[in-house]
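Colleague: These came from TrEMBL, pasted as-is:
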- His90: active site, proton donor (ACT_SITE)
- Tyr25, Ala58, Phe59, Glu60, Leu82, Ile83, Ile84, His115: 5-amino-6-(D-ribitylamino)uracil binding site (BINDING)
- Gln87, Thr88, Arg129: (2S)-2-hydroxy-3-oxobutyl phosphate binding site (BINDING)
Amino acid sequence: MSKVLPPKPRSLTQKTQITIVASHYNEEFTDALVENTHEELLELIPNGQIELVRVPGAFEIPVAVETVLRQSKPECVICLGLIIRGQTAHGDMVAESVTQALQQISVNHATPVVHEVLLVGDEKQAYARCIGSKLNRGREAARAAAAIVDTFTQLKRSPSRVFPSNA
Ligand SMILES: Nc1c(NC[C@H](O)[C@H](O)[C@H](O)CO)[nH]c(=O)[nH]c1=O
Ligand SMILES: CC(=O)[C@@H](O)COP(=O)(O)O
């Protein structure tokens, strides 16, 4: 388990379109994820144009991401959801299929998709990751988005990729 968040990447000054796709299920927690992601994005990408798409549950996230990417071309899609394990294998099955689908969509569209569709064992774990500050996965999502958008901007600018890239 990670005990701290990754450090904040550098802020981006360019206009950047980010789409957040978040599920409603376990709303106390998913709303908090959305709020934390949004706050951190405003700080890291002040010129970001942020769009929010809400879907019922985690299982519906991949089809919404695919639809967004067919309609528009955001620089990054951030997926937020919370699956709390129940008494059956349903939660694990949903988490597994969402993970695979998101990776496939991301690679097929060559567009970064940040995966914070969380699978947790109980509400205590959920609280620490969605509402608490030390492990907040919404903050982590925004930091990952800013970092990968920065990387993609550099990749597209200098296809020869001579290192070190910050020379
Ligand atoms: N139990 C959780 C679900 N279940 C709902 C599914 O995601 C889906 O909406 C349903 O099966 C209809 O297709 N979703 C979560 O996001 N979190 C859960 O804990
Ligand atoms: C992850 C789920 O959909 C879950 O809440 C279902 O609970 P159960 O496994 O107890 O049926």
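Cβ atoms here come from the backbone N, Cα and C positions, even for glycine.
What TrEMBL says about a protein is an automatic prediction, not a curated fact.
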Colleague: Please work out the number of neighbouring Cβ atoms within 10 Å of the Cβ of Ala58 (5-amino-6-(D-ribitylamino)uracil binding site), leaving out its own Cβ.
Modeller: 26
Colleague: Measure the Cβ-based neighbour count of Ile83 (5-amino-6-(D-ribitylamino)uracil binding site), defined as the other Cβ atoms within 10 Å of its Cβ.
Modeller: 23
Colleague: Listed recorded positions are Tyr25, Phe59, Ile83, Thr88, His90; which sit with C-beta under 6 angstroms of ligand 2?
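Modeller: Ile83, Thr88, His90, by Cβ distance under 6 Å.
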Colleague: Anything from the binding-site residues Phe59, Gln87, Thr88, His115 with its Cβ under 6 A from ligand 1? List those in sequence order.
Modeller: Phe59
Colleague: Express in Å, rounded to the nearest integer, the largest CA to CA distance found among the 5-amino-6-(D-ribitylamino)uracil-binding residues Tyr25, Ala58, Phe59, Glu60, Leu82, Ile83, Ile84, His115 named in the record.
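Modeller: Largest pairwise Cα separation, rounded: 16 Å.
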Colleague: If we check Cα distances from Glu60 (5-amino-6-(D-ribitylamino)uracil binding site), which of the recorded positions Gln87, Thr88, His90, Arg129 wins as closest?
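Modeller: Its closest listed neighbour, by Cα, is His90.
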